[in-house]
Amino acid sequence: MAMLPPPGPQSFVHFTKQSLALIEQRISEEKAKGHKDEKKDDEEEGPKPSSDLEAGKQLPFIYGDIPPGMVSEPLEDLDPYYADKKTFIVLNKGKAIFRFNATPALYMLSPFSPLRRISIKILVHSLFSMLIMCTILTNCIFMTMSNPPDWTKNVEYTFTGIYTFESLIKILARGFCVGEFTFLRDPWNWLDFVVIVFAYLTEFVNLGNVSALRTFRVLRALKTISVIPGLKTIVGALIQSVKKLSDVMILTVFCLSVFALIGLQLFMGNLKHKCFRKDLEQNETLESIMSTAESEEELKRYFYYLEGSKDALLCGFSTDSGQCPEGYECVTAGRNPDYGYTSFDTFGWAFLALFRLMTQDYWENLYQQTLRAAGKTYMIFFVVVIFLGSFYLINLILAVVAMAYEEQNQANIEEAKQKELEFQQMLDRLKKEQEEAEAIAAAAAEYTSLGRSRIMGLSESSSETSRLSSKSAKERRNRRKKKKQKLSSGEEKGDDEKLSKSGSEESIRKKSFHLGVEGHHRAREKRLSTPNQSPLSIRGSLFSARRSSRTSLFSFKGRGRDLGSETEFADDEHSIFGDNESRRGSLFVPHRPRERRSSNISQASRSPPVLPVNGKMHSAVDCNGVVSLVDGPSALMLPNGQLLPEVIIDKATSDDSGTTNQMRKKRLSSSYFLSEDMLNDPHLRQRAMSRASILTNTVEELEESRQKCPPWWYRFAHTFLIWNCSPYWIKFKKFIYFIVMDPFVDLAITICIVLNTLFMAMEHHPMTDEFKNVLAVGNLVFTGIFAAEMVLKLIAMDPYEYFQVGWNIFDSLIVTLSLVELFLADVEGLSVLRSFRLLRVFKLAKSWPTLNMLIKIIGNSVGALGNLTLVLAIIVFIFAVVGMQLFGKSYKECVCKINENCKLPRWHMNDFFHSFLIVFRVLCGEWIETMWDCMEVAGQTMCLIVYMMVMVIGNLVVLNLFLALLLSSFSSDNLTAIEEDTDANNLQIAVARIKRGINYVKQTLREFILKSFSKKPKGSKDTKRTADPNNKRENYISNRTLAEISKDHNFLKEKDKISGFSSSLDKSFMDENDYQSFIHNPSLTVTVPIAPGESDLENMNTEELSSDSDSDYSKERRNRSSSSECSTVDNPLPGEEEAEAEPINADEPEACFTDGCVRRFPCCQVNIDSGKGKVWWTIRKTCYRIVEHSWFESFIVLMILLSSGALAFEDIYIEKKKTIKIILEYADKIFTYIFILEMLLKWVAYGYKTYFTNAWCWLDFLIVDVSLVTLVANTLGYSDLGPIKSLRTLRALRPLRALSRFEGMRVVVNALIGAIPSIMNVLLVCLIFWLIFSIMGVNLFAGKFYECVNTTDGSRFSVSQVANRSECFALMNVSGNVRWKNLKVNFDNVGLGYLSLLQVATFKGWMDIMYAAVDSVNVNAQPIYEYNLYMYIYFVIFIIFGSFFTLNLFIGVIIDNFNQQKKKLGGQDIFMTEEQKKYYNAMKKLGSKKPQKPIPRPGNKFQGCIFDLVTNQAFDITIMVLICLNMVTMMVEKEGQTDYMSFVLYWINVVFIILFTGECVLKLISLRHYYFTVGWNIFDFVVVILSIVGMFLAEMIEKYFVSPTLFRVIRLARIGRILRLIKGAKGIRTLLFALMMSLPALFNIGLLLFLVMFIYAIFGMSNFAYVKKEAGINDMFNFETFGNSMICLFQITTSAGWDGLLAPILNSAPPDCDPKKVHPGSSVEGDCGNPSVGIFYFVSYIIISFLVVVNMYIAVILENFSVATEESTEPLSEDDFEMFYEVWEKFDPDATQFIEFCKLSDFAAALDPPLLIAKPNKVQLIAMDLPMVSGDRIHCLDILFAFTKRVLGESGEMDSLRSQMEERFMSANPSKVSYEPITTTLKRKQEDVSATIIQRAYRRYRLRQNVKNISSIYIKDGDRDDDLPNKEDIVFDNVNENSSPEKTDATASTISPPSYDSVTKPDQEKYETDKTEKEDKEKDESRK
């Protein structure tokens, strides 16, 4: 930074020939120097270009304005980095920086040539880029034309001309490609170049397929990216995330290939099995028909087709596959389904099928086809693929994209910090120039009394050096004048203005939390708490949550944009408390660098007297938007002269805009202020003006530049929008204000909103006229109410104030629209205006925090997503145009291939709109069906390429980036810190008032009753009197909410009396977080102890709020209820503390009844010391022991499992299986008795109190009740009653009892229960959000989905045949096959609308709804094809907002909840520093390993050679390559290959079998019996044996078992082994590691999901077993048996195909179904469904499984992925330790865990980095000071520990963790102690170590002596003798010091590198002493 020229106007210098000469001179100097300094450069990084002065950025504002003559002129480069590079810059009017190369462009135009200068001027002009932008947009519009008229050709030439002109200008200005900053050096220009070249090519050269080349023109749309500034960065981020995705992509492709191979082997040719007619004519055979048939069409008559399906019915040859109907048999013939594109016949198609499975697009169809053709057992294949492939891989992509985004974000934050620093440095430079002035100011201040006054300490800039302001002094004077006038006029207006600007006293009180009523008192209190702090540091103690935020002049520039978004929807009057340092309107934007405490005004150290001590400026914004900087509150002087601030927590915000007099008076009343006469003191005035004013002016200028409107607008507003005409009016206004602002009015309005919403939701089709009228009147009434509210508010607040509040603007808009709609009600086609009424629903957000938060999150994300949305729009546009250009013609020409009527289908690419819809559909994840059409009409390759690109770029990358952004705006702060507005508080105040009123009425009633019915007891008077004062206080507290107390000053004034409460209040008010948490839950009254884990007031000190005894009692109660007695395995729920003290006698039961019961009914008290009581107590103790026994629990679990299993047998075939039915009936009774017995035992053992306070016990109790009731009913013979039957279905809940018994599931359930409140919240918000769309749908489509159909083939009559309902009914009378039919899922009322929307949001069944909507004409009119085409837009908007945002909110909420619960459970991680974590993790890995005994090398020479070969790494890799080759040959296989090919593949396979057998044999020879000690070897052996057997018995095995080729596929798993050897595969290893880490959690979630599926399957069987077979329900997929139900439910788990299963259940009456239909073998009649049950069943299942469980799965993966990436970035990974031990095995073949010292050097050199210590390494190793044992041996852990320490570096953290580590090792590796050969005593060890040290010392000493002797220098003997003992003493001292057990080694870390002994000894010795003690004990015992 030091190199930067001083910023300001004079830093701009024209670029002249001298400048160029100077640069050349510098370059030559550098070159001369360069030869000398070449070496230096390698080590040090050179200077970097300044990030603020990059080309394309705005000029930093510190440089001020550009002097007039310098705009668009070449200037010398400002960036010192380019001082020796040939560059210059040009600045345009907008201060954008353009950097050019100073070498001649095109070798002839120097920077000074007029042509180049003109080109530069044109290039940098803003109009130039505008022109290009407009051209591109116009061009895009022309590109969307599907059949352009002829004249467009000329337009095309114009475009090309403009682009050519643009490129020419750029080339002339910049040069072509030689040197930096030339035309082709910018990749975006390549795009232009390519576009222009292609434009000329297509024009002048005839290249055949022009349309393909024309599509290149689409790339012009990409140019928008290069023109709009923000887009480049987003595209950068996208490209970054695509790079990051490479690993995931490789892994995905690999996994899909493996699965595709398995699919190929399992299902090859299966999808061609079709049902073929048996009754053929005589000369026809299957072969002859197949050979003669020209096309599929001819074969159609031989195959069996289901109604409405395009493909023939599939069937299979196995028993559990699909069967053919009568008269048909199963054959393999014809083509595959879906135009032949769905199959597993070749590797390619199988891969496509699996990619489709992974993206879950229409996969239910593939699933059903495959299961029908191959058999139901293959469901397992799909389960694995969906869970591993789909959920895991897709979410990994999400995780990676999210991480890339997160990193990008972090980088941006870092950059911002960096800039802040740079600006600070610039400021410091400015300040240095002012120091003299400062000194004068300080001197002048000394004679002014401090207590009375202080001047603004703002001295950022002085008049001499203010480069920040380049405006004239005259302007400044004018502004000052205006300001004075304004202030004085403000004072004249006086009282009039009071009300107008800020409302009543009360509202002001609400707005400014002013706790400093007794300033001195508070100050003294604070002083006591912080006696040693300097005056300036006090602020830190007061505002502990917020470190002092530096007010940087520049901060508004960087963060200005974000400010709006945060409070966009918050009520502006009451923006967030934390930002009370003024918001929006003010210049000083609080920026909080977390760790930095610096005083606000940087000259603090120099002039303390002039400072506002609390380091805070009060900047109020007056009505003009001008910031008046008012000083902070005055300092209070304490007797010792220390300054203390008074605490003002106030807020200046944009809407109570202004330094209104009242506000100022309010402040003056409580704090000393700059008095008027002081300002008149000439000296002071001058000083204040000269210093502060200049800056203030600059500040004002900046402020003005940020004002939303020009100054004249403010003048106008003041004149016309503030109504203060007469005193009567003002009184009236006050009265109105009092009414309108009352909380009750708010409550009333909220109730009106809810009612209005209800009225709107009551619309339906068909409605009676009376009902219509009621709704119409209701609408009028509500419109009236809302209009009245608006008018009254306008009167009360004045338009100026009214329109400053976001909500008011919103209200006024809606009211206006409602009124407009009333007048235009009869105008046809304006019914859409009605939907604007729906927006009223959003007014609820005011008082509903979560809705507010959701809107805010959407608002913020849309803001943040602005650029991304643009990019997405550009991508969609480009692909839509590409599709149209490439495939449009083909759709038209080949339409007959895909549509029998040769009409264009709904999804085509013939025009832009339809093309856009297809691309949008692909983005929604639905690509496969439209792609089949495309491939059929336009050829496979192009379609595949385009679709895959849209899928990967659009869906996987961009949409995941969307999601990542959503998740990031979902940080827990958003969820917990929802800023609430006063209105929210108003509601709560109103509710609190009502509660108080009710309490008051209750109280008076109670007192009245007591008075009238009871005589006063003696002494009551006295007690009452003494209790009274407290009582009053307590009532006050308990009946009011904290929020109110905080607002009630009178209460606070009594603070001395209730110090306990108010001190806690003070605390909470001092801390921002606490304040926030207050607001969240204002309904909590103070005296209630808050249960942990549920409170929002986490940060508040609950102990202070509740009395101690109270909290102790509650703790005790909690502990008792939390641990469940219903199962012995149960632990307390997460978040609850463990009991502090165990009950005294753990094996005794607790009391039966609660204390309350015993008090009321004394008979419940039993004396247990005598008589019957004692017997009873013994019985209870016995029961208690039985129940607590572990076997009892196991038995109950077994019973639960058996009884649940029994339910699975009760399917529709139970009537036919009499024996099973009888067994089940008895079993049912037995289970019921057992469970009743269990319940009774528990009642006796635990007592009712314990039993019924446990949730799990309640569950058991209810389920037992159900069984009991059904049992009794059966006995009495009422089993066929309806209610009893439905009760029986509740038995399906039995498996729920298993929940509390299985640890893993309970963990998940607890996590879920924790998340339920927030999930419900989001669900509610979603419902509100959807309600709007639903009501809108009802308005648009109610009653329009009816159509007249021909019932024989289900086709719709055309409009020419039937135009409307009446015609249809007329036709019905003629023919019986006609029906006027409604779509089952429609918008006839809001409920059905919700169902439709759910189908659209899950993309299942949405096509039918959309088609019906698009075809709809009018109520009772016959639909017309695509009549209402633009209704598609309704669905597009809903999908974006309803589906995209709201459904992903679920993921957000769940992930967020996981994190919060982790915090609550608080593992050790939270308390560890980063450094500690590193060590901890390394040690964790270290501790888990120990050296293995390697397989010994055989003695035999021959075997030895083979052993060397087999154990070589190269051998492993060779085998891996062979495995991969084997896979490739398997991929080549395909269905129906030629005999020759089969023959070749057979022999290739034989070769591979021989090779693998060879490997097996070689290993067996060399490894002998050790071969079977390795798991992989056993696996290989099995595969080889199976392959050999398979070769000979292939036919037989395939018949009875699975095809043996499958095992070869499993071999692929061995590839996992080479990943470790490939250094580049680190990313993939991380991903697999993440999977391994998440497996346990995923298993638990899987279990829970299975349980849910099980219960739903039982329910489904009992409710839907007999529904009509249509849509998704058929002979294979139904609810008839348990297995079938599970198959159906598995597919709905991903929400696939639930619409098909629901459709038949919605049939409720004829003619849809037949209620009298007889089912043979069963007593059930009819095949109608129960719509309400069906809808509830499927919707609840989807919410539970799809939204909750599956999202938990996602949460776990995201979590583990981030953990795994952290692990992979750590310096030492698992692999490094593995590698250490692998090398170790070679040096320690017997696994003694020791190594000789002499081998150590070789060993260290043999390791891989990072542990490697290359030779020469002796010195380093000796320096490590490794402890040795006898025989000069060193233990492996000692070495590993030392090496690890070397990698991680020395640090203090090591010491803090040292003892833990040692214990860990000892427990993980007990062998360490047992292998220690020195087992005698501690002393022995010390001597041993000492001996080695002495030897070393002695050798050294001898060596020195020899040297001395040789050099023949004479030394006296005595000297030498004296020398030795000293040395010895020192050595011994050293040793003792190191190893004495008493001495702690706390100091070790402070002395530079601690010796290893000092790190590890004490613990080791501990273990040794333990060991010796143990041995002594053993000896003693043996003696005995």
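Quick reminder: no glycine exception, Cβ is built from N, Cα and C everywhere.
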Pick from 108-124, 720-736, 805-821: which range has transmembrane segment per Swiss-Prot?
-> 805-821
May I ask you to indicate which of 534-558, 684-708, 1859-1883 is given in Swiss-Prot as coiled coil?
-> 684-708
Cys896 pairs with which of Cys894, Cys902 in a disulfide, per Swiss-Prot?
-> Cys902
Is it the same side of the membrane for Gln369 and Ile1705, going by what Swiss-Prot records?
-> yes
Using a Cβ-Cβ cut-off of under 8 Å, list the residues of the same chain that are 6+ residues beyond the ends of the transmembrane segment (745-761) and lie near it.
-> 739, 775, 778-779, 782, 785-786, 789, 837-838, 840-841, 843-844, 846-847, 983, 986-987, 990-991, 1331, 1334-1335, 1390
Taking the disulfide-bonded residues one at a time (Cys1713, Cys1728), which has its Cβ surrounded by the most other Cβ atoms within 10 Å?
-> Cys1728
Quick one: what's DSSP say for Cys1348 (disulfide bond), helix, strand or coil?
-> strand
Could you round the CA separation between Cys902 (disulfide bond) and Cys934 (disulfide bond) to a whole angstrom and send it over?
-> 15
Work through the disulfide-bonded residues one by one (Cys275, Cys934, Cys1368, Cys1713) and name whichever has its CA nearest to the CA of Cys896 (disulfide bond).
-> Cys934
How long is the line from the C-alpha of Cys1368 (disulfide bond) to the C-alpha of Cys275 (disulfide bond), rounded to the nearest angstrom?
-> 37
Taking the transmembrane segment (831-847) as reference, the highest number of CB pairs under 8 angstroms among 186-204, 865-887, 1251-1276, 1316-1340 goes to 1316-1340
CA pair Cys275 (disulfide bond) / Cys1713 (disulfide bond), Å rounded to integer, equals 27
Cys275, Cys896, Cys934, Cys943, Cys1348: which of these disulfide-bonded residues has the sparsest Cβ neighbourhood within 10 Å?
-> Cys896
In DSSP terms, helix, strand or coil for Cys275 (disulfide bond)?
-> strand
Cys1348 (disulfide bond) sits from Cys1713 (disulfide bond) (Cα to Cα, rounded, in Å) at a distance of 19
Let me know the DSSP-derived helix, strand or coil state of Cys1713 (disulfide bond), please.
-> coil
Sequence-distant neighbours of Cys324 (disulfide bond) in its chain (C-beta under 8 A, six or more apart) | Cys275, Tyr304, Leu313, Cys315, Cys330
Neighbouring C-beta atoms (10 Å sphere around the C-beta of Cys1368 (disulfide bond)) = 22
Count the CB pairs under 8 A between the transmembrane segment (1639-1661) and each of 126-145, 865-887, 1186-1210, 1316-1340, then give me the winner.
-> 1186-1210
Taking the transmembrane segment (126-145) as the first stretch and the transmembrane segment (1316-1340) as the second, find out whether 3 or more Cβ pairs fall under 8 Å, excluding pairs closer than 6 in sequence.
-> no
